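Below is one structure, written out as structure tokens; comments come after it.
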């Protein structure tokens, strides 16, 4: 990373993330908000899957899921997660690690109300991560929920809401020629952040 970059890029990781995310939304052809969420179970087995970022501010990074899913079970067991954004068009990655907490019921309700009605119905129809005997069974449950909520609003299911990852470490990675990549690490320190570079 050049001295010019060090002095012109934001020194607050949340500001830097907003800057990079804005560039990704302008250049990434598919789902710039897609991120990998890594968790680990009580048995030590790691697990990873893609979700969509639905909120970001100084408190952390928010995504939504079924609280009875495998990912939610592991998050509630350990209270920690790692996130990864990979924007191929920019040849950049952002890695985030930290503790996890549930969003407030009010936040969950507000976000659920913005979802397309079909997605709201789907949240009621799916027993996420549980065995399914056939696609027909799932589709029948969906039709059942359509009838149940016909003509009225669809409330947020009690088992469906969000998690917030409060970052303790945020690393920004930029591809460079000759594998001389740039790695800029922010580590939470009290109410602020310490910053440094890493060898690639």
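Glycine residues also receive a Cβ, built from the backbone N, Cα and C atoms like all the rest.
Listed in sequence order, the residues of the same chain lying 6 or more apart from residue 129 (FMN binding site) and placing their CB within less than 8 Å of its CB are 66, 68, 69, 70, 71. Residue 129 (FMN binding site) falls within neither a helix nor a strand when secondary structure is assigned with DSSP, and so counts as coil. Per Swiss-Prot, the feature FMN binding site maps to 49-54, 64-65, 70-71, 93, 128-129, 173, 183.
Annotated substrate binding site per Swiss-Prot: 54, 111, 115, 119, 179, 180, 181, in sequence order, evidence recorded as sequence analysis. Listed in sequence order, 54, 55, 64, 103, 162 are the same-chain residues at least 6 apart in sequence whose CB falls under 8 Å from the CB of residue 111 (substrate binding site).
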Does DSSP put residue 179 (substrate binding site) in a helix, in a strand, or in coil?
-> helix
So for residue 119 (substrate binding site), how many other CB atoms are inside 10 Å of its CB?
-> 11
Taking the Cα atoms as reference points, how far is residue 51 (FMN binding site) from residue 115 (substrate binding site) in Å?
-> 15
